[in-house]
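Worksheet: the structure to be examined is printed underneath.
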């Protein structure tokens, strides 16, 4: 057969190739190793046919492809028969060098004569047989390697992403690189800072599609939407509580199906009597309010101290009327007899509508909420516990938010600004109250007359005129009033904390600091003309 020669010579480096001799060679020349670059010239030839010249070592071939003697289906196996020239061989004999390239390890299937297949990249075994490649990759290919898990060494945090672990480690190091430009707030995450800035701007991008509710946090919106989710369930026959949708319960276990063990429903997590339960003998939840009702106890537990004086009267949850002694004590419903008869007469045994639809209610006052943490925070107003104290003054509060709001009094910070006027304040509620001055809105209306105002405090003060109650009494004289501001101004007459001293006259002492002088003189003369000398000691109606 004609042989094709290579047209362009190429340098080939053969390192670590051991050159073996023919049978006629001795063992010394057989250890020859070629480590230099040989420039192959016109002697490089490619042999394409089967080996025809067996035993003929005097050919001029340098590299060829020898077919397996058995002729199996694995194809050609590369060989390295080198032919040297007469000058290089010395004796005119050809050297045959066979490659000692390390063959891949045979699997257990190949050892038994089976055809080799793809191996697992993790365990090295056949694909699909090991425990690490049982599922297989997408499309039936090789299995995908398992996803890495980045775990925290200080806590149980685990994530598939290293960036999440780096962000989490800032909670342990205390690093807070994201700081608010308007207040001392700082956070370890940018998303928290973005949520915080909405407290300064008043932005509420998350709105409920079912009601006018809007908030600045997506979590608060999802929590609110639970009140609209699903049809309302039937009310509880004992307390009237109703939830938005029933919770899915797990299937009963075999012991529960046989009746050997009572089944515990998931709804058992809901408080059955709309009150905060305190375990018997344990008051660590509210250390200063051990008289709260526990399991199986009445309103006052045995051996406990009497209840402190309430901050406001016990009122009915249905109509708001003040309850008499003995009313509302049945199951802590806080309902008057008329509302209870109305509920029973209507054929329903549920509680009143309105605040009672909320799941967690205070047993000492009409407060009710959907969230147990709000109830726990509210109970501090009854126990008198104030763990949050100001470092600059004796101020203390039961809520951390109130302390933060109070600290702005010392710093002079006023982050909330009115867009219509130069007004600024340190409380968002004050800004909303101020906005009613521009809008003219007066949402607080008296149910006994046509009076309306834009502040709830003014309505409470106005209601004292209908009831005639004057709770503020002077300890020095017989002066009584229903307004705390008037009481403080009256104390200046006696020289208690007033800058004007004891010589301050009564009409001037009653004057509000924000009222114009003409109104003050008219109000003072009218009070003196109506009540005479008694106007010095009694507030005008």
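The backbone N, Cα and C atoms fix where each Cβ goes, and this holds for glycine too.
Fair warning: this is a prediction, and the values are worked out from it, not measured in the lab.
For the ranges 360-382, 498-520, the feature annotated in Swiss-Prot as zinc finger maps to 360-382. Looking up 85, 304, 521 in Swiss-Prot for phosphoserine, the annotated residue turns out to be 85. Remote same-chain partners of the zinc finger (178-200), defined as residues 6 or more beyond its termini with a Cβ less than 8 Å from a stretch Cβ, comprise 167, 170-171, 216-217, 413, 415-416, 428.
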